[in-house]
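Engineer: For reference, TrEMBL lists these features for the protein:
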- 19-33: compositional bias 'Polar residues' (COMPBIAS)
- 55-70: compositional bias 'Low complexity' (COMPBIAS)
- 71-80: compositional bias 'Pro residues' (COMPBIAS)
- 82-226: domain 'FAS1' (DOMAIN)
- 1-33: region 'Disordered' (REGION)
- 55-82: region 'Disordered' (REGION)
Amino acid sequence: MPAHSNEVQPPHLIPIRTISPSHPQVPINTYPHSLTHHHHHIQWRLHRVPLSSSSLSPPLSLPSSSSRPPKLSPPPPRPSGPINITAILEKPGQFSFFIRLLNETQAGNQINNQVNNSHDGMTVFAPTDNAFNNLPSGTLNNLTDQQHVQLVLYHICPKYYSLDSLLTVSNPVRTQASGQDGGVFGLNFTGQGNQVNVSTGIVEVPLYNALRKDFPLAVYQVDKVLLPEEFYEAKAPAASPPAADGSSSPPPAMAVLKRRLQGILEVVQGG
């Protein structure tokens, strides 16, 4: 037993009652003042304490990488190809006649070139096959080759227009036919809310189905062929040379004018 002193022992020097390894039946009191002695008892006791598997914690298991679906990055957006007016009209399947006119007059190529290479865009009003079938008999046959081209160009505006912008435009709106033969060849737009109507002075039809509405090309379905007013305006015939007998023969343009007047009467009756 160590000698006691009058000094107060620190709390950590409290005697520990343990078993001596050399005399297992004799308890002794020791102070943990000796690191070597204290380490000796700790080592002995650790070696004497049996370990059981139940006192051990089970090993931690990490989730397998195969059990979690890998994070897939979204595929990069595919670059959109050039705009093609024919492909747009072929998809619904009811614009065969207008497609044929676009190809015959080369207006389709003109549309594709402009919308893919300019900043103004274009607007196309596409008549359905039923619109052409409902034309008065002989309407297209009475047109010249130049008028066939003008008819197609009259359905194309050299600028992109949304439906909302068509309600605020200044009438008449220019078309690709404007200025030919000194004619205006313009379109007039009226309406309110979501309803927009287009008028030529001969026909009026609502726009209600946009086949394509994103810049730079807007394509609107129309259920009537847009016949320009200029086709039915009477033009002053050219003076004909007098006949040999002094009488004047009727100019050949009169026959064409009569056919056009007959055509406008049929349009009015059919409208």
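The backbone N, Cα and C atoms fix where each Cβ goes, glycine too.
So where do these features actually land, and what's packed around them?
Structural biologist: Here the domain 'FAS1' (82-226) returns a mean pLDDT of 95 for the predicted model.
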Engineer: Mind checking how the domain 'FAS1' (82-226) divides into helix, strand and coil residues in DSSP?
Structural biologist: 48 helix, 34 strand, 63 coil
